[in-house]
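**Student:** Mind having a look at this structure? Questions to follow.
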Amino acid sequence: MDSYKGMSSDNIKGLVLALSSSFFIGASFIVKKKGLKKAGASGVRAGVGGYSYLYEPLWWIGMTTMVVGEIANFAAYAFAPAILVTPLGALSIIISAVLAHFILREKLHIFGILGCALCVVGSTTIVLHAPQEREIESVKEVWDLATEPAFLFYAAMVMAAVFVLIVHFVPLYGQTHVMVYIGVCSLVGSLSVMGVKALGIALKLTFSGMNQLIYPQTWVFILLVATCILTQMNYLNMALDTFNTAVVSPIYYVMFTSLTILASIIMFKDWDRQNPTQIVTEMCGFVTILSGTFLLHRTKDMVDGPGSTRLPKHVDEDGYESYDAEGIPLRCPESLRAS
């Protein structure tokens with residue numbers, strides 16, 4: 001108890017809100033997948049482009065849970081510093097994996113636990129050594145940062161990559177390669193976070209007496225955020241409906257966090273305010289993240305027990321073939337190629 005004597009009441013509030021946010025967001029993955037499964041049993045699955053989940057109350061409960069978590073996370077930043085709040089977001093991965101193990105019966109073996117741990121350690125290392133945010137006094141200043149050549153190049157590369165993924169790779173490999181759906185979510189998400197930060201700055205300045213809603217840049221950011229979030233939710237639903245939640249959640253967190261930090265470095269020039277030690281530490285965090293992601297993805301079909309390495313070729317509950325005895329991803333069914 002002595003270690004908490006120096007913590008202010010505001011910091012305690014921020015800590016509680018951050019922990020609550022992680023629980024709600026982690027649980028939302030499970031509730032949403034339960035809703036997706038229920039909707040897929042009576043309609044067209046989200047994994048093949050269906051939207052019957054929009055009529056499923058359980059899916060909306062999951063969405064509401066996620067929104068509550070995001071609101072709690074946003075509120076936590078109003079009470080506690082980012083260095084306290086941001087690392088706690090990694091707890092949603094563990095919560096999601098544990099709940100999936102017990103509720104969805106999605107087995108989380110020892111290597112999956114190790115992969116999750118590496119992802120959490122790497123992400124936490126990056127976040128803990130991230131620089132302080134720069135002072136912004138107007139949404140116009142954010143717009144100037146967003147329209148500099150470096151960030152415009154990054155945004156163009158992201159949109160080009162998303163276009164190629166959606167047009168070419170989703171129809172061919174969306175049902176057999178988890179990185180396709182997650183790639184779209186993460187790339188678009190890195191842009192949406194930049195838009196959200198711009199809107200947060202605009203709202204904060206507006207509430208302090210400097211109205212930012214009169215500037216057209218604010219409404220452009222609103223349109224950007226709405227478009228990106230709708231795209232993210234669509235392909236995240238496809239990923240959750242098609243693949244194991246214990247795999248989707250940590251991979252999405254890792255890719256989303258990594259790309260968001262990269263976008264922030266480019267747009268806000270974070271590395272200009274860091275020393276070499278901090279930069280090297282962040283790079284070590286990236287290596288740890290990549291190691292955890294590879295381990296988790298490569299061994300996701302492993303089963304526990306002597307002499308067992310990977311599950312043999314099988315057909316899942318929806319009739320889709322997954323992996324053969326050597327762990328090589330099978331091609332998607334011809335029926336999906338034609339659709």
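Cβ atoms here come from the backbone N, Cα and C positions, even for glycine.
Curation plays no part in TrEMBL annotations; they are all automatic predictions.
In case it's useful when we look at the structure, here is the feature table from TrEMBL:
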- 12-31: transmembrane segment (TRANSMEM)
- 58-76: transmembrane segment (TRANSMEM)
- 83-104: transmembrane segment (TRANSMEM)
- 110-130: transmembrane segment (TRANSMEM)
- 151-173: transmembrane segment (TRANSMEM)
- 179-207: transmembrane segment (TRANSMEM)
- 219-238: transmembrane segment (TRANSMEM)
- 250-268: transmembrane segment (TRANSMEM)
**Student:** As a test: from 12-31, 110-130, 151-173, 219-238, 250-268, pick the stretch that has the greatest number of Cβ pairs under 8 Å with the transmembrane segment (179-207).
**Tutor:** 219-238
**Student:** Among 12-31, 110-130, 151-173, 219-238, point out the range having the most Cβ pairs under 8 angstroms from the transmembrane segment (250-268).
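**Tutor:** Top-ranked stretch among 12-31, 110-130, 151-173, 219-238: 110-130.
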**Student:** Give me the stretch from 12-31, 110-130, 151-173, 219-238 with the greatest number of Cβ pairs under 8 Å to the transmembrane segment (58-76).
**Tutor:** 12-31
**Student:** Using Cβ atoms and a strict cutoff of less than 8 Å, what residues sit near the transmembrane segment (219-238) while being 6 or more residues removed from its termini?
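**Tutor:** Apart from its flanks, the transmembrane segment (219-238) reaches 32, 36, 46-47, 49, 53, 139, 142-143, 162, 174, 181-182, 184-185, 188-189, 191-192, 195-196, 198-199, 202, 213, 248, 252.
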